[in-house]
Amino acid sequence: MSSRTGASLLLILFFFQICSVSALTNGLDASALNALKSEWTTPPDGWEGSDPCGTNWVGITCQNDRVVSISLGNLDLEGKLPADISFLSELRILDLSYNPKLSGPLPPNIGNLGKLRNLILVGCSFSGQIPESIGTLKELIYLSLNLNKFSGTIPPSIGLLSKLYWFDIADNQIEGELPVSNGTSAPGLDMLLQTKHFHFGKNKLSGNIPKELFSSNMSLIHVLFDGNQFTGEIPETLSLVKTLTVLRLDRNKLIGDIPSYLNNLTNLNELYLANNRFTGTLPNLTSLTSLYTLDVSNNTLDFSPIPSWISSLPSLSTLRMEGIQLNGPIPISFFSPPQLQTVILKRNSIVESLDFGTDVSSQLEFVDLQYNEITDYKPSANKVLQVILANNPVCLEAGNGPSYCSAIQHNTSFSTLPTNCSPCEPGMEASPTCRCAYPFMGTLYFRSPSFSGLFNSTNFSILQKAIADFFKKFNYPVDSVGVRNIRENPTDHQLLIDLLVFPLGRESFNQTGMSLVGFAFSNQTYKPPPIFGPYIFKADLYKQFSDVEVSSKSSNKSILIGAVVGVVVLLLLLTIAGIYALRQKKRAERATGQNNPFAKWDTSKSSIDAPQLMGAKAFTFEELKKCTDNFSEANDVGGGGYGKVYRGILPNGQLIAIKRAQQGSLQGGLEFKTEIELLSRVHHKNVVRLLGFCFDRNEQMLVYEYISNGSLKDSLSGKSGIRLDWTRRLKIALGSGKGLAYLHELADPPIIHRDIKSNNILLDENLTAKVADFGLSKLVGDPEKTHVTTQVKGTMGYLDPEYYMTNQLTEKSDVYGFGVVLLELLTGRSPIERGKYVVREVKTKMNKSRSLYDLQELLDTTIIASSGNLKGFEKYVDLALRCVEEEGVNRPSMGEVVKEIENIMQLAGLNPNSDSATSSRTYEDAIKGSGDPYGSESFQYSGNFPASKLEPQ
């Protein structure tokens, strides 16, 4: 092989090495996105390769190597949302809107997306119950699940989303009552004090609207409860929400009087109460000076004249009072409010003459008085407007000749698109600038516009200009926009407008451009003029995506370009090789400091590199080698996943336990330093104490006090030979509870153990319980309190049931594990034994009306032998079962657990403040005859310090 060929091959190999180590996407993120790609029948075009951040996958936004945004609206995606989505732990935005072929339930572990701010699934076909785990998305601001097929009830846990701004579940099949908190543990929607939007319309929600739902502390501006099955009266507490601007309670089964306390909502712009079962008379609402729209149609109100106070509403634009048994003549000043545009009074008993007089609003366009008793009509001399008097006596006498005797005919021909452009090819549309293109199209649904007339084209021209100006201001790839086909839904009076958005500089959008435009609407980034009110945008399927624009007109040009690119790549590789060599040199220099943070530590001097220890000593390798007789087999007393545990004797005669990390468990130097600093701060008589460490000769060792009587598991199983009567079990429960409460509440920073079990509770020579195996893994972000959690992900039988949904372990997870330990102390059984789960066995067997709750056959024989002195037994069982409640919010804190055990001990005639349990004459025999207390299952170290966020396995 020639030297030139060899050099070329080396260069190629080097290039592939660079590529292999320089992927720009975090491994778990890449795996999650590839799972999406595999799950979807029609993944987005351009999702090629295995490095989404590096190859710029459509709709994917990254920061560094982490995926922070997925925006894939209106891409005709088909399939389900796989559980792998939960691995995108840095994701802030998930927008899959307007993909109607996306179906199935949302994965329960969607709650693992702890940094998610925007969850936008509008216009898909997702179904099933909204996952309870959504309540764990503490950063969530925007939750849009409308226009899907969700069923079931609203999860109460959504009340925990303290930052939620937008909550939209409209147009689904959600049923049941609105959840409110119970004031103690159960959350509810009344806790959403920062939320501005409750959009719950067009579902199957039922029951009374809870009075507890509303308070003066809320920030709501839109409450849209229309099209449900709510019953009862409007709660008075609603009037406390002074920020409300839109209230839609129409199309329900509400009863009682329309309350006068609605006058307190002085910022209200739109009030919809139509199609309910209200009775009584319409109250005076003259305090609502900002009211644009009032709709009280189709209620069984008492016969009454047209209220004169209507003319005192200065902002009123649309008035609907259809079918509410109005009678008598129309007051002469009725049409005088200066902003009044539309009046609908049909299906009443209004009599005499329709006379607009001279004091009529200059804005008035449309008056509908069909099906009344009008006998005469005097048109306004100075105003052209549309009046409908069909099915009134005046029309029966005049016949069908006058135009006002014809039923309404809506004009939907208005369009801002030009009609004088040259014809376009089939499928294309002419833009306002007469360019033929494939526009991105859809329908704007305005849920409560403050006008109802379809005749004033000025409003729609304003809308068209506002949308175009928005896209121009923020540099969207948009040439122009147009609106057309304006119509009103007669059922709910929503205003529907077709929108066309034309691409800039090309015939069609690419997927990125179209997603940007769609996101502006799905995320409500675009805000329409206020008169249009809240809206949703339902996009049409867009398939005319432009391909990547590559010039291929000349093969010679292609060859030339290829040659130039080849030379550039070669030079680039040579440059990279040089840079790589320099960086490797510097990296090697840095590695010394990172891998050995104690390298510059002079024990005789003060140094910033010295670990800040509290009572822990730095041992040399030679010191520990000597005290373990060269780590002899005789001193090998067990171990776990971290490595082996050796017994040693210090020169002063003190017994120590040395945990020696095996190669696969070694941490980074800085991580090890951080860990020993934190472990050295833990000082409590019920927690195994760190005496020191060794970071020498590429070894990492932790030195602990030696606990002679092994684990609680050994004693319960009979392995240790120690007899545990009821008194001793209570003292062990109290001691281990105090140790765990210390870790939660007094350690600095607080520590979440994450693997509480009987193997990790050790007993000293006095049977004092000591919590072990709380090796640290990472700080958990909490603005109020910083916790440290352990690497261990828990043990079957002790594992918090909520973990399976959230993949998160908390202080309440430790409480659950401790509750299982309490039941172990009671039964002497392992958590799972012969396929039976001790928690379920106790719950099933228990009968509170009988002695000892009828649990005798489950109790440990040692307890049965002392059954005559089981004072506090029932309270102990109650406490254990509270600790193993399915939901963490229903479990006590460890501080509360300790207080209850102290009370139980007092009931048993014991002093909860005594320092130790009773001694045992079997201690020496146990130590000699049962093997070492640090057996293979005991005291398993969990101290691997992950460099990045801990992910579920």
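Glycine residues also receive a Cβ, built from the backbone N, Cα and C atoms like all the rest.
The domain 'Protein kinase' feature in Swiss-Prot is assigned to 631-905.
Taken from Swiss-Prot, the feature N-linked glycosylation site covers ASN182 (among others). Its Cβ placed at the centre, ASN182 (N-linked glycosylation site) has 11 other Cβ atoms within 10 Å.
The N-linked glycosylation site annotation in Swiss-Prot covers ASN217 (among others). When Cβ atoms from all protein chains are considered, those within 10 Å of ASN217 (N-linked glycosylation site) total 11, not counting its own.
Counting only same-chain residues at least 6 apart in sequence, those with a Cβ under 8 Å from the Cβ of ASN264 (N-linked glycosylation site) are SER239, LEU240, LYS242, SER287. Residues annotated as N-linked glycosylation site in Swiss-Prot: ASN264 (among others).
Positions annotated as N-linked glycosylation site by Swiss-Prot: ASN284 (among others). Counted within 10 Å of its Cβ, the other Cβ atoms near ASN284 (N-linked glycosylation site) come to 14, all protein chains included.
Look at Swiss-Prot and you will find ASN298 (among others) tagged as N-linked glycosylation site, backed by sequence analysis. ASN298 (N-linked glycosylation site) falls outside any helix or strand according to DSSP and counts as coil.
The N-linked glycosylation site annotation in Swiss-Prot covers ASN411 (among others) and rests on sequence analysis.
Residues or ranges marked as N-linked glycosylation site in Swiss-Prot: ASN456 (among others).
Taken from Swiss-Prot, the feature N-linked glycosylation site covers ASN459 (among others). With a 10 A radius on its CB, ASN459 (N-linked glycosylation site) counts 21 other CB atoms from all the protein chains.
Annotation comment: Swiss-Prot describes ASN510 (among others) as N-linked glycosylation site, evidence class sequence analysis.
Sequence-distant neighbours of ASN523 (N-linked glycosylation site): residues of the same chain at least 6 apart with a C-beta under 8 Å from its C-beta are ILE93, ASP95, ASN118, ILE120, TYR142. Annotation source Swiss-Prot lists N-linked glycosylation site at ASN523 (among others), citing sequence analysis.
Look at Swiss-Prot and you will find SER606 (among others) tagged as phosphoserine.
Residues or ranges marked as phosphoserine in Swiss-Prot (evidence: experimental evidence): SER607 (among others).
Sequence annotations record features per position, and here Swiss-Prot assigns phosphoserine to SER942 (among others).
Residues or ranges marked as repeat 'LRR 7' by Swiss-Prot on the basis of sequence analysis: 218-241. Note on the repeat 'LRR 7' (218-241): mean pLDDT across this stretch is 96.
For the repeat 'LRR 13' (362-384), same-chain residues at least 6 beyond its ends with a Cβ under 8 Å from one of its own Cβ atoms are 317, 335, 338-356, 390-394, 404, 407-408, 452-453, 455-456. Under the heading repeat 'LRR 13', Swiss-Prot lists 362-384.
In the three-state DSSP scheme, ASN523 (N-linked glycosylation site) falls into the coil class. Across the structure, ASN182 (N-linked glycosylation site) and ASN217 (N-linked glycosylation site) are spaced 17 Å apart at their Cα atoms. Comparing C-alpha positions, ASN459 (N-linked glycosylation site) sits nearest to ASN298 among the glycosylation sites ASN217, ASN284, ASN298, ASN510. You'll find the Cα of ASN510 (N-linked glycosylation site) roughly 45 Å from the Cα of ASN217 (N-linked glycosylation site). Helix, strand and coil residue tallies for the repeat 'LRR 7' (218-241), in that order: 5 helix, 7 strand, 12 coil [DSSP]. For the repeat 'LRR 13' (362-384), the DSSP counts in helix, strand and coil order read 0 helix, 9 strand, 14 coil.
Among residues of the same chain six or more beyond the repeat 'LRR 7' (218-241), those with a C-beta under 8 A of the stretch's C-beta atoms are 170, 190, 192-212, 247-259, 261-265, 272, 447-448, 492, 534. The Cβ of ASN298 (N-linked glycosylation site) has 20 neighbouring Cβ atoms from other residues within 10 Å, across all protein chains displayed.
Distance noted between the C-alpha atoms of ASN217 (N-linked glycosylation site) and ASN298 (N-linked glycosylation site) is 33 Å. Across the fold, the C-alpha of ASN284 (N-linked glycosylation site) and the C-alpha of ASN298 (N-linked glycosylation site) stand 18 Å from each other.
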